[in-house]
Amino acid sequence: MTRTPVNVTVTGAAGQIGYALLFRIASGHLLGPDVPVNLRLLEIPQGLKAAEGTAMELDDCAFPLLRNIEITDDANVGFAGANVALLVGARPRTKGMERGDLLSANGGIFKPQGKAINDNAADDIKVLVVGNPANTNALIAQAAAPDVPAERFTAMTRLDHNRAISQLAARTGAAVSDIKRLTIWGNHSATQYPDIFHAEIAGKNAAEVVNDEAWLADTFIPTVAKRGAAIIEARGASSAASAANAAIDHVHTWVNGTAEGDWTSMGIPSDGSYGVPEGIISSFPVTTKDGKYEIVQGLDINEFSRARIDASVQELSEERDAVRELGLI
Ligand code: NAD
Ligand code: LMR
């Protein structure tokens, strides 16, 4: 049976994450080895030429699943009929820029893109925001798309999730594949909280295996939360291949489901669970099935975790208030 191609839109397609992402989408890693894709590359005018170069390379791979590529700087064209949208293009923070300036500059990108998604995307659109500040950019886009169910707008904390698993594996000598049920709570920022109290290592409680709260507080949490900055320091550029890999993981899990007994972390509009104010886009433990996600309920949150979740959620509330004041939501 020939399947209908899925339309995948990538913004910031000519950037470094775009370059690491597009080839994996086209080779079937985003949606599955039997799902054909049409790619829509959305760039600003200055990025169009480089996007054309990337499209030439995509052609040269002769990917059996890649049906066509369209390149545009018009968001209405870029999101026309989109089933999956990866919002990667964003305005990076530059020297001397305050958080308010960054939120305002990105509002100028994510508000019109949200509206273009609202007006042009397919009914089953799923959106992943990667561009920073990812959670609040997702909120801005979602607020500009009142006809799209709010839960279709998500922000990427899967890179943090993967980083935390890797750090935990290194500390305990476990295989990555033995680690389950890790959770990232809150914002994709230095306040995020990687939680191992419900995680399992080969079926045993991870916090009990580690049994070292000082390591948790002073090494594990800051290493995961500040990993983005450490990569920038080491590479001279922010994470790209690992970020693209996490974007692939996020959408693949959303579409194809979490494994039995496991969960993942996604930035999603809060329904008020775990005391996170309704509406803000915060990372939660979620299971996914049939293209839908659900927050894992009933986890016992200890004092150590509560304080850290609250701090990150507080930052998200402040970001929401700031973009509200700027008239972006
Ligand atoms: P980059 O500067 O290499 O590329 C960004 C691209 O976006 C550029 O080609 C630029 O022309 C394009 N762009 C800018 N405004 C646009 C618009 N309005 N429409 C379409 N395209 C636009 O940056 P990068 O390294 O690819 O990173 C992209 C973003 O992802 C940054 O905000 C970065 O901080 C963020 N990031 C997030 C995570 C995460 O875990 N959530 C991880 C890594 C990076
Ligand atoms: C990352 O986590 O690698 C990115 O969000 C880049 C950054 O600024 O931390």
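Just so you know, glycine gets a Cβ as well, placed from its N, Cα and C.
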Residue from Asn106, Asn120 that TrEMBL also lists as binding NAD(+) with Gly12, Ala13, Ala14, Gly15, Gln16, Ile17, Gly18, Gln113, Val130, Gly131, Asn132: Asn106
Three-state composition of the domain 'Lactate/malate dehydrogenase N-terminal' (7-146), taking helix and strand from DSSP: 63 helix, 26 strand, 51 coil
Winner by Cβ contact number (other Cβ atoms within 10 Å) across the recorded positions Arg93, Arg99, Arg163, His188: His188
DSSP state at Arg163 (substrate binding site), helix/strand/coil: helix
Listed recorded positions adjacent to ligand 1, that is, members of Gly12, Arg99, Gly131, His188 whose C-beta is under 6 A away: Gly12, Gly131, His188
